[in-house]
């Protein structure tokens with residue numbers, strides 16, 4: 001049993017207008033203080049380019065912490081970070097935990113299956129009780145789009161909220177670590193052609209990446225996939241849509257592959273995984289259509305032989321494992337920035 005964005009227990013709330021690219025609950029910008037500083041990180045949509053660049057610049061300073069003998073800085077000493085994962089996660093939850101620990105915070109991972117929400121307590125009651133325990137920062141993953149917004153709206157004034165993925169809406173720290181990875185290898189966003197390939201309809205990563213890429217001035221963003229897996233509204237965002245993988249990959253500098261999110265699909269949107277790979281899988285032959293120095297990315301988890309060939313995933317143009325490494329520094333930067341901004 002999960003808790004919907006109204007605080008009631010039951011099935012996850014449906015995303016507002018799921019076939020469209022934008023979501024109805026995004027009113028104003030609750031992420032920013034009155035002074036325009038970042039209090040919560042809920043979505044990349046609506047963030048000024050200056051804040052996105054500030055996060056990336058700060059992350060660059062934290063990358064070197066990994067190479068130190070003592071991999072800690074005292075930035076969040078005395079602060080309490082609560083990881084509230086209402087959806088299963090390994091990679092994201094672990095990197096947030098590592099990032100908070102390296103900032104010297106006290107970290108608590110809430111066991112959702114054993115928590116009061118599984119016994120009928122509302123989401124807001126749970127949040128209020130945790131706030132009373134003097135939590136400073138909530139890292140939230142939830143099946144319902146908008147749940148982190150609800151928490152940010154109702155939590156205690158001193159508490160900060162970071163969205164670690166909500167429904168199919170947004171995954172802002174993944175989008176930011178993807179931007180950091182691209183900047184690390186390509187430097188200048190204003191000269192790039194970036195392709196996002198696969199199940200874009202159900203992907204919160206794709207939404208965050210597209211908002212980040214357009215915010216940072218990428219002149220050409222391509223969405224490539226079958227018609228059944230592309231949302232409406234992409235063209236209005238300035239995204240070029242391709243329904244042929246070979247055509248879409250021609251000359252691109254960055255390829256971001258996405259997995260099929262079968263757990264979010266209703267009905268038969270696709271043939272078998274084998275047939276999908278034949279048409280939409282990234283093989284060495286298809287990679288050769290991109291720019292010679294193109295990089296290949298994937299937010300994980302990765303399904304070899306479905307959306308990507310092992311030769312590509314493990315090849316010299318793949319930067320997938322580096323995304324994971326950079327993710328720790330990016331999440332350190334986000335937590336350090338939001339916890340230092342209060343209104």
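Every residue gets a Cβ built from N, Cα and C, even glycine.
According to Swiss-Prot, the residue from 49, 68, 141, 193 that belongs to the carbamoyl phosphate site alongside 91, 92, 171, 174, 300, 301 is 141. Of the recorded residues, residue 141 (carbamoyl phosphate binding site) and residue 204 (L-aspartate binding site) place their C-alpha atoms 12 Å from one another. Each residue contributes its Cα atom, and for residue 300 (carbamoyl phosphate binding site) and residue 259 (L-aspartate binding site) those atoms are 8 Å apart. Proximity note: of the listed binding-site residues (92, 171, 174, 301), 301 have a CA within 10 Å of the CA of residue 259 (L-aspartate binding site), given in sequence order. The carbamoyl phosphate site is set by 91, 92, 141, 171, 174, 300, 301; from the centre of their CB atoms, other residues of the chain with a CB within 8 Å are 89, 164, 165, 205, 299. Each of the binding-site residues 300, 301 was scored by the other Cβ atoms within 10 Å of its Cβ; the lowest score goes to 301. Taking every pair among 91, 92, 141, 171, 174, 300, 301, the residues recorded as binding carbamoyl phosphate, the greatest CA to CA distance is 16 Å.
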